[in-house]
Amino acid sequence: MADLGFLGGLIEAMQTHSPLLGRLWLQIMLVFRIVILGTVATDLFEDEQEQFECNTAQPGCKQVCYDQAFPISQYRFWVFHIVLISTPAMLFLMYAIHRRTKTKAQQQGASSGDVRGPGASSGDVRGPGASSGDVRGSRLSLGKRGVNTQEDLKELRLYTLNVGFRFLAEVAFLVGQWALYGFGVAAQYPCSRFPCPYTVDCFTSRPMEKTVFLVFYFAVGLLSPSSAWPSSSTSTSSGCA
């Protein structure tokens, strides 16, 4: 429960610094991937190797046939997927929070300083000292606006880079999932690898249930990049505006 609370805090903070479509991607990550993978898939795939049976007692045959049928465990493949696409988002979140904290501290420091400028005395309200202080204050304000504009552009570029990497990673993992597993889990796998004495038949546990989950995760994978890439164009247009 503590891990879920920490994860919820990160997701809430990321939603604060993301546009609408970026928040949609976060909801997809939270509900359709992390929660379901941590609850349903854990029970479904935890015994996949133990329940993988072959009609032979030859030592080592079951292990090599399982490696042939599943070069990478589906569950570990999806966990690695989530870690890879979440890392850039977490790094951007750390930068955004640090920048906003720094900006807020600078604003509080400026508001607590002498607004009238160093040339004005405690009794002077007008005069040359006050006018020069106003000029210095206006110049300082313009300088801060320029710095903030540069920081906004930098944050926009980092966010666009983050979304672009996320989009490419989503597409790469979709292609990888299709190449490794296709769109279904077969109930029976013929295997003739050494040290099997002949072509043996191996059987997986709950193939239909795993097929449904495989198709579901693939559908979520199709939805995720379609929501990730427009969020970049949305943030770019808002930043240019």
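Note that Cβ sites are derived from N, Cα and C of the backbone, with glycine treated the same way.
Taken from TrEMBL, the feature domain 'Connexin N-terminal' applies to 43-76. Mapped onto DSSP classes, the domain 'Connexin N-terminal' (43-76) shows 15 helix, 2 strand, 17 coil.
Mean pLDDT, taken over the domain 'Connexin cysteine-rich' (169-224), works out to 89 on the 0 to 100 scale. For 169-224, the entry in TrEMBL reads domain 'Connexin cysteine-rich'.
Sequence annotations record features per position, and here TrEMBL assigns region 'Disordered' to 105-140.
Under the heading transmembrane segment, TrEMBL lists 24-42 (among others).
Positions annotated as transmembrane segment by TrEMBL: 77-97 (among others).
Per TrEMBL, transmembrane segment is recorded for 211-229 (among others).
Note: the domain 'Connexin cysteine-rich' (169-224) comprises 31 helix, 8 strand, 17 coil (DSSP; helix = H, G, I, strand = E, B). Sequence-distant neighbours of the domain 'Connexin N-terminal' (43-76) (same chain, 6+ residues past either end, Cβ-Cβ under 8 Å): 37, 180-181, 186, 189, 191, 193-198, 200-206, 209-210, 213-214.
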